[in-house]
Amino acid sequence: MNTTPSSRPGMGSLPFDGGTTFRIWLPFATQVSVSGTFNDWGRIPLASEGNGYWSADVTIAHPGDRYKYVIEGPLIQGEVWRTDPYCKSVANTEDANGAIVADTFDWGADVFQMPPWNELVIYELHVASFNVSDTAPCDFSTIIARLDYLRDLGVNAIEILPVQGFFGAYSLGYNPAFPFDIESNYGTPDDFKHFIRQAHAKGMAIILDIVLNHFGPDDLDCSMRRPDGWYENGMDGVYFYNDWRGRTAFGPRPDYGRPEVRSFLRDSAWMWLNEYHVDGLRFDSTVNIRNVYGNNNDPAHDLPDGWSLLSWINSDVDQHMPWKITIAEDLQDNSWITKKTGEGGAGFDSQWDSYFYWKIIDAVTAVADGDRDMNAVGAALAHSLGADACNRLIYINNHDQCAAINHALRLPDRIWAGHADSWVVRKRYLLAAAVLCTTPGIPMIFQGDEFLSWGSWDPHVDLDWSQLDRFPGIHAAFRDLFRLRRNHGTRTAGLTGQYVNVFHVNNTDKLIAYHRWASGGPGDDVVVVANFANRSYDSYTLPLPGAGEWTVRFNSDSAYYSPDFANHGSTATTGIGAGAVTGGLAIGPYSVLVLSQ
């Protein structure tokens, strides 16, 4: 009987040449054994390390073997069997047995260079519902089959909704039970790595959504809920707060103050960046990590340990992998989220900007033109969440804002429910898309936005790819906007720049114009004119940043995007004047022009 703790570092099941090291944290246990296929589900005792950790080197255990821990203690009646919380592969079966996983994946020549953040165009994607499968939830291989499509669309980053193990076959992913595990319906750890390598080969970064604000609630009895029998106040045990801080609307909140739990959460985040080569992390609902009730400016209920956990992870990333991006979904318009940790901030590189979202959505969904507020649109364009324009991530839709579980609809049905394919909807929809792609910040769309998907998004229902054939012009407009945003024609560098000047706001006629630039000059200066009213102009006079010819690079009223669009609008204008330079432009109803020199 082995009673000697392992001297090897690390947590979970760690293969080595002569077997596997097992280590688990169970501070209230008095006996811990490992049981698995390698010993016909017998018992091999682990040794106490004297600090709540238990470990042993087991020479007969090897990659592929299934295992569980058997735990005894004074707070347990008899014994309990638990899945390893650090396990990287958990069977999607009732017993939830873990498997020993060796990190032997051959990354080959994967030396991917993350695109500059100011050139990112992000596509938010849910694995199970993204592509069509006749028999089961879609998986990593079915996404690989669409990577060329995403590259040709102009996307250079894919934000994947959570892939950590969850209860059942279908989920949005925000009910994780095994934070180191790959959901088995999606594939194996190596399948996910293969997907990432293929995306990198096609020039696309992978940003993974992770959930640290709660776990479960399903499947926690298999692993993290009361594993060694200890709990207080009827709550969930050593991994969680056991007082008023422990409850969220989604599941129990981890105890950010326990060093062992902090390391557990940090190790999970680090694994995705290091072992899986993901290029960034999106942290779900950080406001519920830093405040018990998900509030801003509520010091009585703040969680300082949650804030310091986020700062610790971000500092680690900045120190060791500064080219990788961390993104917060905080939604409280709090610039401290994206301040550097040395300044007292949480240290995120970017955060979702709900202020931009609601101002633009309000403008395009108002029924009457007179109710569209151009001053609010201008404020959204100029809104800032930090010193860098990339400190905000902007969108006109995301998984939450169209999810059936939230009783929400995609933007076309928000504009006019039941008439999502109408001229009015398509015009205002492209108006919003063009504003998105020409505003400072990192633009993101959700799967299907590029071909006018409507209704609600349900993770059980495959994306309707027939919409791509029905609305090829909408798809072409998104592709053209993404190319301009990334300066593919070398004439719109200003769209990657830091600066915006909203120089014309006509709240009477519902027209707004703004100047984007990085360093200024021909090929850099960009002028965007957006008409939020159902009327056209043959010559609307506007100030321009400089004299000379300004060429229209994009016109959302082009018949190329839909045969019932009027093709109204200038192809160019000339800025004239010795002092203040002006030019006249034709523009169609509910339309956007993008011009540069």
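Just so you know, glycine gets a Cβ as well, placed from its N, Cα and C.
All annotation found in TrEMBL is predicted automatically rather than curated by experts.
In this model, the domain 'Glycosyl hydrolase family 13 catalytic' (124-483) carries an average pLDDT of 97. Positions annotated as domain 'Glycosyl hydrolase family 13 catalytic' by TrEMBL: 124-483.
According to TrEMBL, the feature active site, nucleophile maps to D284. Mapped onto three states, the DSSP output places D284 (active site, nucleophile) in coil.
For E329, the entry in TrEMBL reads active site, proton donor. Neighbour list (E329 (active site, proton donor), Cβ cut-off 8 Å, at least 6 residues apart, same chain): R282, F283, D284, S285, T286, Q351, W352.
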